[in-house]
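A.B. asks: Straight out of TrEMBL:
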- 42-267: domain 'GH16' (DOMAIN)
- GLU153: active site, nucleophile (ACT_SITE)
- GLU157: active site, proton donor (ACT_SITE)
- ASN161: N-linked glycosylation site (CARBOHYD)
Amino acid sequence: MRNPIRCYRTSIARSKVEQLQGTGSNCIRIRLPAAMALLSPSSSRHHPLPLVAALLLLMAMAAQPSVASLLYDQVEITWGGDHSFFYMEREGADVLALCLEETNGGSGFASKDTYLYGRFDIDIMLVANNSAGTVATFYLMPDGEVPWAYHDEIDLEFLGNATGEPYTLHTNIFVNGAGAREQQFRLWFDPTTDFHTYSIEWNPKHIIILVDGTPVRAFKNHAARGVPFPTWQRMRLQGTLWNADEWATQGGRVKTDWTQAPFYAYYRNLRVTPCAPPPGVAWCGDEPPESAWFERRLDRAALKEAQEKHMIYDYCVDEKRFKDKGFPKECNAD
């Protein structure tokens, strides 16, 4: 049984979070400078905010300068709401802190809207210090209970590591239930000391994954050559923080050190540019070839340089893995 009275602190950007465990429930208290204000400590759907917190929420939102959209309005916490919370930065952006503890299994959020094609950018600051065993994610996946044979997914997973060791960005693309299209990259900066921008661009021509505006992966639409590509199914944007120490860090050799918990990953500034069908077009994906959604250009030189410098695994060159059955069709399509 956990000690009913335990106090620990973790730094969050320019603020301090103090979590106190009392009798029966957790209490998250945000210590903020005067110019900052609490948005929400947890999922209000399951745990209604007290009157004072509700007033603080309204005051914070009213006091902030005009912004394009608050993350609080764009997403909802789907699990782990007792441990995750929003807070306001000095600049007016709201941040969602996802929390992982040994007893809660992690936490996650999902966008309130679904999309068929679009550009999706979000700023993330990953778990600091000894993050071994933890996985933070940012991905697109169909809404609702979709049979696995129709499952599509565009996946970014950030694999934690021991203190001082680099993070791994693990990417995968599922189409019609088939994945196994992994590419991995070593991030060329410390993703735990500040926010960095991670992007998915998905249009009828290709899927591009970018880090701070630099393309690191491209998956072209080779449907004409028999390579499946997600073209018809709307997807919801999601993010999670969870424990995967059976495989995430050095092949599962390094386990999660729960004495370092709680672990936090921070998300802010979600920017979505959805595909909007032009006049006379019934749905996204049915545009003429000269449509802007087809003509978005890939910086191939930047992609090549990023992959040469930072890619540590590519399924398309894994001869041992595909020795008997041959490489997937897309590996030879470009």
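From the backbone N, Cα and C atoms, a Cβ is placed for every residue, glycine too.
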A.B. asks: What is the one among the active-site residues GLU153, GLU157 whose Cβ has the most other Cβ atoms less than or equal to 10 Å away?
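C.D. replies: Counting every other Cβ within 10 Å of each candidate, the maximum falls on GLU157.
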A.B. asks: Which residues, sitting 6 or more apart from ASN161 (N-linked glycosylation site) on the same chain, put a CB under 8 Å from its CB?
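C.D. replies: Sequence-distant Cβ neighbours: SER131, ALA132, TYR167, THR168, THR249, GLN250, VAL254.
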